[in-house]
Amino acid sequence: MQVYPKFMRSAMATEHFPPVTAPEFAFLGRSNVGKSSLINALLGSKQAKVSSTPGRTRAINFFSLTTSPERQQPNFLFADLPGYGYAKISKSISAEWPKFIEPYLAERPSLALCLCLVDSNIPPQPSDAQLTEFLRSIGRPYLVVATKADRLSGNGRTKAKQTLSRALEAENLLLCSAKTGLGMKELWGEIHRVAAEATEAMKQNQRPPSA
């Protein structure tokens, strides 16, 4: 399905979040996990800035997506959250976490799914396990997306999937590559499925109670 992305805004405070209008998908992951590259591959454009400097993103960047160029209201939103786990920026991210990152993850009513990006080429990291544990504690559904899978052989992908799924308690894990397109169709399928369910749930909540 063709989508039409548009950058909305950057937010470093809860009052700067966009209005709740459509289901949202949060992209989270360690710095240099390939988060911006994956978002750009999904969008088919260079909307998210790719940097060789880890931790460049310090705000939540929101993108609106529509399935028609004429549509004004977004069908759903992508939220690109700051990377974590890099020594030089760990203190700054830790300081920002309670200000607007944790409130977004814990309280945002339109957040439909958290996409937790991990590097398929390295062992599971403690910070990744801490993130998924936090999401489970607040009842947020999440999908683990293992990036850079094009660098692994067939057996390597199988082993990585098993290891990461077990370490992160992931019932569903997708191996993806922004470079080759591996797993992107499946990832889009999951996003569209969740978006459709969340859109219907939001409509139900907006309907007045019957007499």
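Placed from the backbone N, Cα and C atoms, the Cβ positions cover glycine too.
According to Swiss-Prot, the protein has these features:
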type	residues	note
BINDING	29-36, 55-59, 80-83, 147-150, 176-178	GTP binding site
BINDING	S36, T57	Mg(2+) binding site
DOMAIN	21-197	domain 'EngB-type G'
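Structure with Swiss-Prot features highlighted.
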residue: G29; record: GTP binding site; contacts (Cβ under 8 Å, 6+ apart): K35, G83, Y84, C116, L117, V118, D128, T147
residue: A59; record: GTP binding site; contacts (Cβ under 8 Å, 6+ apart): S10, A11, M12, P82
residue: K148; record: GTP binding site; contacts (Cβ under 8 Å, 6+ apart): G34, D119, S120, N121, S177, K179
residue: C176; record: GTP binding site; contacts (Cβ under 8 Å, 6+ apart): L38, V145, A146, T147, A149, L182, G183, M184, L187
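The binding-site residues in question are N32, S36, and the one with the fewest Cβ neighbours inside 10 Å is N32. Counting every protein chain shown, 23 other Cβ atoms lie within 10 Å of the Cβ of P82 (GTP binding site). The number of other Cβ atoms within 10 Å of the Cβ belonging to K35 (GTP binding site), over all protein chains shown, comes to 25.
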